[in-house]
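Asks: Submitted below is the structure of interest, expressed as structure tokens.
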């Protein structure tokens, strides 16, 4: 399960419907061009939390079909609706996903006992493995190393997608849980995360920048920090330009420039303006 995983983008048409042809093209681009090890399906990058249960299921089906067993697949099934999370966990396990993942329950201020109950309910409903999706800056849920340890007592909870900038906590977790998978979740921090011993990374920009992501990861693992830093500098220049132009819209526009029907974002995300489109063309030309 280790390696470089793209947090899969989803193509929508102008009316917000899933564009199956475009989604399949994004999946093939990730596998054939970006050379990723796996796909993280149904996460923030997939605009998941704006989708119906049926739409989520269809995306999971398309990804499984189009990946053709060539890469590992992780299904993000987490939801503030626990019944939906369990339903999606069962659905994706039956489809054959290699693991499931679940974001910490958000919006309401759940205490840790409620969070633990949430994870145990999901993983105990299926014969599969679970990766915790920790993204405190969006969920407001910050868990301590002691709380992670309590969750990891369940052998079916095999790791965490660590989307945070707390490198002290990351280092403490690496030391405390040598047998658990830790995936870096911030693309712009891959080098320091790799030096601290993560097992891989899951990122939105890998949909276009997967090759550089692997270069950083492999160079840092070999101790070639100079090369890794050089590629991280270029990557972070790219990420800065993307963020300044609109994250998901710009990644999709770059893919469009590369011949992939990446489509539109789901409302209430805004449609790309002419200025954003022109800037994305410049970004594509500059970095690819």
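Keep in mind that glycine also has a Cβ here, set from the backbone N, Cα and C atoms.
As the structure is a computational prediction, the values presented were derived from the model and not from experiment.
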Asks: Out of 53, 163, 227, which is the one Swiss-Prot records at the aceneuramate site of 44, 45, 185, 187, 188, 204?
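Replies: Record check against Swiss-Prot: aceneuramate site with 44, 45, 185, 187, 188, 204, extra candidate from 53, 163, 227 is 163.
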Asks: If I take the alpha carbons of residue 44 (aceneuramate binding site) and residue 161 (active site, schiff-base intermediate with substrate), what is the distance between them in whole Å?
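Replies: Between the alpha carbons of residue 44 (aceneuramate binding site) and residue 161 (active site, schiff-base intermediate with substrate) there are 12 Å.
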Asks: Hey, how far is residue 161 (active site, schiff-base intermediate with substrate) from residue 45 (aceneuramate binding site), Cα to Cα, in Å?
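Replies: The Cα atom of residue 161 (active site, schiff-base intermediate with substrate) is 14 Å away from the Cα atom of residue 45 (aceneuramate binding site).
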Asks: In the structure shown, which of the binding-site residues 44, 45, 163, 204 has the fewest Cβ neighbours within 10 Å?
Replies: 44
Asks: Which residues, sitting 6 or more apart from residue 133 (active site, proton donor) on the same chain, put a CB under 8 Å from its CB?
Replies: 43, 76, 78, 101, 102, 103, 104, 160, 161, 163
Asks: For the recorded aceneuramate site, enumerate neighbouring residues of the same chain (Cβ within 8 Å of the Cβ centroid of 44, 45, 163, 185, 187, 188, 204, site residues themselves excluded), in sequence order.
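Replies: Counting only non-site residues, the set is 7, 186, 202, 203, 205.
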